[in-house]
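Asks: Annotated transmembrane segment per Swiss-Prot: 27-47, 57-77, 139-159, 165-185, 195-215, in sequence order, evidence recorded as sequence analysis.
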Amino acid sequence: MKSNNNPKAMVVERYTITDRIAHTVHAIAMIVLIITGLKIYAGWEFMSFHTARTLHMIAVPFLLAVNWILIPYNIFSEGHGLMGKISHFTDHYIFGPKDAVRLGGIIKNFFRKGRYPAYSIYDEEKGHYETKLHPVMKVLIVLEGTALFLITVSGIVLYKLDWSLFGLPIAQWIISISGMIAPTFGMTPVGFLRLLHLLMTYWFIFELVVHVGILGFDPHVWKYYKAIFWSGKEDFSDPYYSEYVEKYSRFDAKKEHKQVNANKEHGHQKH
């Protein structure tokens, strides 16, 4: 990371207020759903079944609204024009070749070979992040989206076997599709959906452990928790896992050009 004489210039907005709201609501709703869901399944006695089911059903719309409305809005409100928005989405949330290189560097660092690569990179010239997520998080995002879809689909049937939307028999359609898969495992369609719902719950628990317990175990990443839950800011004077690419000014270009010419003249003098 280059030096900067103005430390304030190196403090940038990492998360908007809507980003922070989305993440906080997502976290609370997910924790409530995991606890109440396991209570309903296992029959724990710390709360009544009625209370657990009520809290579960209250948390569901919050989780879905955040993930299927607010988060997509936050993502695609960045960037200019259609291609700019697509570029922002792929650079920030899709695991690509550069992320593979960073992940390779992270693995090497684990075995004490090389420096831990920066994964939060801000370009001052462009005025936005080039990337801000850990490579592993980009993989988890895709898996979480898939798990969220599956747990929602299976949850519809567990909520009400004949649930419909605008007269469309959604639950029955889900049961019919499940009926094509369930016999392979010697299960009924509803039994298969119940197992799928439970497995996706375990997945979210695993993801929570990886996200908070492992990736967040390093004290140097705690600055990102402060940013996502409170300040929204990232201070690039802290060099851990971050890089601030400074603006390449005309003065820098002239200085570099003069240096190149001086080197050439020095070379000619030698000859």
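Backbone N, Cα and C define each Cβ position, glycine as well.
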Asks: Do the transmembrane segment (139-159) and the transmembrane segment (27-47) come close, with at least three CB pairs under 8 A (pairs 6 or more apart in sequence)?
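Replies: No; fewer than 3 Cβ pairs under 8 Å.
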Asks: Ranking 27-47, 57-77, 165-185 by the number of C-beta pairs under 8 Å to the transmembrane segment (195-215), which range is first?
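Replies: That would be 27-47.
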